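One structure is given here, and the rest of the page talks about it.
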């Protein structure tokens with residue numbers, strides 16, 4: 001049975017003093033041995049973390065006791081292994097970066113559509129269905145008949161809208177993303193641009209996969225996630241994709257057979273994009289990873305500090321032994 005609980009959460013809320021939350025939140029996560037990253041900004045909180053069920057329950061309870069963070073939106077999935085290496089709480093300008101000033105989902109946002117009602121909506125021929133995620137995410141899975149804006153980052157989405165969507169022509173627009181947060185901003189942006197009927201999938205793809213049976217589903221493929229699982233299938237279990245440690249792109253087993261694929265160094269997606277300096281750096285990093293594995297040690301993450309401390313203590317013990325031996329020799333002279 002999977003014993004690691006993965007929790008994706010977010011909430012748009014005015015947090016004028018969000019900086020003061022960082023240290024107590026980080027301390028709470030470290031004490032509970034929760035790993036992953038949470039983002040704090042004046043507009044709210046966002047992130048994905050993982051830990052035991054008790055630890056995640058404690059985190060959600062802690063957040064619920066903070067002014068403004070009550071009833072936070074979250075989705076749970078499960079894994080056999082910890083999908084994160086480190087524990088981080090970062091301070092940001094935005095909890096999801098669109099880069100457009102004045103977009104506030106707290107003031108205006110699209111109409112939420114529950115997973116149970118989503119199929120009927122997107123089956124309407126008058127509805128334009130747009131995937132708000134990045135191209136590499138769309139490539140491994142999306143909803144049937146969804147439009148791929150072919151963006152590399154969410155910052156490019158406003159330009160896609162300006163060039164391809166027209167409020168006078170596209171009367172009904174439905175959008176979706178992984179957990180719902182990008183759609184909060186994308187629907188708010190469309191409403192600001194004059195689109196009247198704008199809908200988005202409440203809880204995102206992950207909530208849809210959780211609540212809709214596969215035989216009734218209009219989802220095709222797997223869903224990319226921003227952790228070491230890379231992607232999840234319809235049962236929210238780790239999917240078939242791996243990840244290139246050089247460019248972080250999802251890769252298939254077939255792509256790993258390519259001559260362009262070198263573990264930790266390159267893949268078909270990045271072989272022509274990385275410089276010789278980067279390649280050398282990636283080769284050295286992979287060498288260090290393999291060396292750590294041979295010693296059964298962590299290469300990155302919070303466990304590295306334990307490894308370093310253990311080595312320091314071992315060296316100190318050897319130094320003390322050497323000092324004692326020298327003292328013994330001098331005493332016998």
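Glycine is no exception: its Cβ is also placed from the backbone N, Cα and C atoms.
Feature annotations, courtesy of Swiss-Prot:
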ACT_SITE  177  active site, cysteine persulfide intermediate
DOMAIN    123-217  domain 'Rhodanese'
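Under 8 Å, Cβ to Cβ, and six or more positions away along its own chain, residue 177 (active site, cysteine persulfide intermediate) finds 131, 132, 133, 183, 186, 200, 201, 204, 205. Classification of the residue listed as 'active site, cysteine persulfide intermediate' by DSSP places it in coil, neither helical nor stranded. As a summary of secondary structure, the domain 'Rhodanese' (123-217) carries 38 helix, 19 strand, 38 coil according to DSSP.
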